Each structure stands twice: as C-alpha cells, then as structure tokens.
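A.B. asks: This is the structure I want to talk about, given as structure tokens.
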Amino acid sequence: MDLAGLLKSQFLCHLVFCYVFIASGLIINTIQLFTLLLWPINKQLFRKINCRLSYCISSQLVMLLEWWSGTECTIFTDPRAYLKYGKENAIVVLNHKFEIDFLCGWSLSERFGLLGGSKVLAKKELAYVPIIGWMWYFTEMVFCSRKWEQDRKTVATSLQHLRDYPEKYFFLIHCEGTRFTEKKHEISMQVARAKGLPRLKHHLLPRTKGFAITVRSLRNVVSAVYDCTLNFRNNENPTLLGVLNGKKYHADLYVRRIPLEDIPEDDDECSAWLHKLYQEKDAFQEEYYRTGTFPETPMVPPRRPWTLVNWLFWASLVLYPFFQFLVSMIRSGSSLTLASFILVFFVASVGVRWMIGVTEIDKGSAYGNSGSKQKLND
C-alpha cells in the first residue's frame with residue numbers, strides 16, 4: 001500500500017469526513033427549516049433554494065466516491081441518447097445489488113448536473129433520519145410505507161406535486177424494492193414460479209405497482225425512462241467502507257433511453273412491460289459476467305469539480321472552530337475536559353461505524369426476506 005492509500009485508511013481521516021458531514025448537514029438542515037417561511041409566499045423559490053442546499057449535502061458523499069476513492073464509472077449507451085442526458089426529466093431504473101449502487105446513481109446525476117434536484121422513492125422511516133432524511137423531506141422526496149393500500153394515494157399525491165418542479169431531475173427508483181441477497185432471491189423466484197414468470201438469475205422480481213404509478217403520475221413531465229444496469233469489473237465487491245478507505249472501484253453502467261410514450265398507459269400492460277424489462281436486464285448482466293462488457297459505446301462523462309469545491313468550503317468552515325476548541329481544551333489540562341473529549345471521540349467512532357453498517361448487505365432491510373402474500377399481490 002502506498003503512502004496515500006495508508007493515509008486514506010486511517011480512522012482519523014474517517015472521523016474528519018464524518019464530522020464535516022454531520023456539522024455541515026445540521027447547519028444546512030437548520031437553514032432548510034427557515035426556508036419553510038418561503039413556501040406560502042413563493043413555492044418555486046423555496047424549491048430552487050432547497051435544491052441547492054440539498055446539493056451541499058449529497059455532493060459530499062459523491063465527492064468521496066469520485067475524488068477520495070477515485071472510482072471510475074464508464075457508461076455504455078447509444079451516443080444519440082447520450083446527448084439528451086441532463087437536458088430532460090427522466091425516471092432512472094437501477095438494479096439494487098451493490099452496497100454503493102445508490103452512490104453510483106447519485107454520481108450519474110452529478111455528472112449530468114442534476115444531483116441537487118434528483119428524487120428517489122424511499123421508505124418513509126428515512127424521512128426522520130437527521131441530515132439525509134431531513135434533506136429529502138425539504139426537497140419533496142417521495143416516501144412510501146411499502147404497504148400498497150397506504151401508498152396508493154400518498155405516493156400518487158407526492159408525485160403529482162413534482163409535475164411543476166422548476167428544476168430538471170432524475171427520479172431514481174429501485175423496482176426490486178430491496179437489495180439483492182441470495183435468500184431474498186430464492187423467495188422472489190418462488191413468487192415468480194407461482195406467477196408463471198421466467199426465472200431471473202441476477203435480479204429480484206420487480207415490484208410493478210410503484211413503477212406503474214410513477215409513470216402514470218409523471219407522464220408528459222418526464223421524457224424517458226433510463227434503464228440502468230450496474231456492475232463492477234473483475235468481480236469487485238464495492239462497499240462504503242472501501243470507498244471511505246480510498247479504495248478505487250471500476251463501475252460499468254449500461255444505460256438505455258426508452259421514450260415514455262413507448263411505455264403502456266394501462267397498469268397491467270405497464271406491469272408486463274416492466275417484467276420484460278427485467279428479463280432483458282438479467283440477460284445483459286449474464287452477458288457482462290461472460291464477456292466483461294456491456295453493449296453499446298463506452299463513454300466516461302467528465303468529473304465535475306463542484307463536489308470537491310463544496311466539501312472544501314464546508315470543511316474550512318466547520319473544522320477551523322473545531323480545532324480551535326480542541327487546542328483550548330488540551331491547553332486547559334483539565335482531566336474532566338480530556339475525559340469528555342475521549343467520550344466524544346468514542347461516540348463519534350461508534351457513529352461512523354453505524355453509518356457504514358446500515359449500508360452493508362448482510363445488515364440490510366428484511367423487506368423481501370419473508371414471503372409471499374404481499375409479493376403475489378404486487
């Protein structure tokens with residue numbers, strides 16, 4: 001390991017990233033709270049401000065991926081479709097197999113200048129998580145309870161609110177509903193057999209109702225669906241801890257642009273269309289494992305400097321007073337003060353490990369591990 005790699009793996013560096021993220025995130029959340037005063041006066045101004053405040057938070061995680069770890073992402077796509085990326089609203093359908101696939105989705109949004117306005121379909125519990133969840137709340141993310149009878153109206157209402165959103169955006173959705181594991185895959189394929197659907201080797205059975213209502217609600221606002229199939233070269237198994245340690249990964253992303261008018265308007269036909277899409281995605285993954293590449297022309301969108309500039313700004317803003325406080329604490333020589341600092345250090349280290357742990361596949365959501373009644377209804 002070279003000197004830079006050794007430095008990046010040090011826990012002290014991880015604590016610095018964690019401190020900057022938490023301190024700046026709470027400051028930004030506070031500013032977002034005050035922007036609520038704008039909502040009844042000028043809703044579009046509220047949205048534009050929060051779009052940029054959101055970028056200040058989410059771009060810090062993208063910075064870790066693109067600048068700290070140096071992860072490279074090659075896009076395989078039709079050159080004619082490539083010219084439209086970033087210039088239109090789109091629904092992005094991404095497979096959900098890797099611990100950092102959400103970061104790769106954000107990186108895709110960032111490369112085309114749409115990170116601040118990008119949306120996700122997320123479970124409603126995340127709305128209560130400080131920093132990320134609160135940021136999502138202020139940027140009108142769509143939250144679901146994963147119970148269709150409850151989500152039918154609430155998700156549709158939230159999506160309708162996005163029809164007059166003033167910024168371009170990617171709406172990222174994992175139609176599988178949960179991250180791929182062997183156990184979830186086995187259960188999912190039992191459902192596929194019960195429904196008479198072809199077996200998928202590399203994906204879970206897609207949840208069609210959420211996709212259908214998204215397409216129906218955003219029709220004539222969103223121009224296309226971007227079918228994105230992600231994999232990593234040389235059987236790399238990327239993790240957030242690896243990114244934090246500065247490990248470089250090599251992502252390949254196959255992107256197909258499908259005009260929204262090509263997707264059926266009828267819900268049942270739309271569901272059948274999505275199942276066919278996932279059968280095609282599965283074939284693309286199988287071909288990737290066989291040949292090491294995707295179809296179409298490989299392209300590397302340029303890495304933009306703004307994620308790094310944003311992090312350096314917030315780091316200089318919050319680290320200077322912290323180090324001043326730390327120096328004054330050490331100079332005081334008080335055993336109680338030093339004990340308090342050690343306690344804070346310990347709590348921070350536990351916090352860092354917890355934040356990393358929630359992204360790990362073996363500690364992921366239990367959704368999809370049980371059974372069948374709900375899946376048969378999807």
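Here the Cβ of each residue, glycine as well, is placed from N, Cα and C on the backbone.
For reference, Swiss-Prot lists these features for the protein:
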- 96-101: motif 'HXXXXD motif' (MOTIF)
- 11-31: transmembrane segment (TRANSMEM)
- 125-145: transmembrane segment (TRANSMEM)
- 307-327: transmembrane segment (TRANSMEM)
- 338-358: transmembrane segment (TRANSMEM)
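Walk me through the surroundings of each of these features.
C.D. replies: Sequence-distant contacts of the motif 'HXXXXD motif' (96-101) (same chain, six or more residues past either end, CB-CB distance under 8 Å): 65, 174, 176-180, 202-204, 230, 232, 237-240, 243, 249, 359-361.
Outside the transmembrane segment (125-145) by six or more residues, the chain places 21-22, 25-26, 28-29, 32, 35, 47, 50-51, 53-54, 57-58, 117, 119, 151, 154-155, 158-159, 161-162, 165, 210 with a CB less than 8 A from a CB of the stretch.
Only residues 6 or more beyond the boundaries of the transmembrane segment (307-327), in the same chain, are considered here, and those with a CB under 8 A from a CB of the stretch are 16, 19-20, 23-24, 27, 55-56, 59-60, 62-63, 66-67, 110, 341.
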A.B. asks: As a quick check of your reading of DSSP, tell me how many residues in the motif 'HXXXXD motif' (96-101) are helical, how many are strand and how many are coil.
C.D. replies: 1 helix, 0 strand, 5 coil
